[in-house]
Structure formats: structure tokens, C-alpha cells
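Here's the structure, in C-alpha cells; my notes come after.
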Amino acid sequence: MQFSGVVLILISMTLVNFVFFETKVEAGKFGKCKPNICAKTCQTEKGKGMGYCNKTECVCSEW
């Protein structure tokens, strides 16, 4: 009974690691625009008030 519990824990840990690894890879593909860097870039370099991420590109507001 204890052996099957250990095997079950090992299998579940492997599945959890696989799911989190896949999530990181998927987020990396679409994570090109970083909101904090976008906002700073719009404020300092372009003289705009705010910046936000629209999918993968940084968009500066007009005001």
C-alpha cells in the first residue's frame, strides 16, 4: 500500500512539472511585450503619457 502511494506521488509530480513547463513555453511565445517596459519607453523616449501592450506590440497613448 505504501509503495503504490509513492508511485502515485511520483507520477503526479511528473505530470505537474510537464504542465507547468508547457505553460512557460506557451507564455514565452506571446510574452514579447512587457507592460512595465512599454510604459517606461512611451514616457521617456516618446514623451507620451502611457503605454500598453496590444497582444505582442507596445502601443503609446496619444495623451
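Backbone N, Cα and C atoms are what each Cβ position is placed from, and that goes for glycine too.
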**OP:** Using the record from Swiss-Prot, pick out the residue from Cys53, Cys60 that is joined to Cys33 by a disulfide.
**Re:** Cys53
Original post:
According to Swiss-Prot, which residue among Cys38, Cys42 is joined to Cys60 by a disulfide bond?
Top reply: Cys42
Original post:
Including all protein chains displayed, how many Cβ atoms other than that of Cys33 (disulfide bond) lie within 10 Å of its Cβ?
Top reply: 16
Original post:
Hey, how far is Cys42 (disulfide bond) from Cys58 (disulfide bond), Cα to Cα, in Å?
Top reply: 9
Original post:
So what sits near Cys58 (disulfide bond) in its own chain, CB-to-CB under 8 Å and at least six residues off in sequence?
Top reply: Cys33, Ile37, Cys38, Thr41, Cys42, Gly51, Tyr52
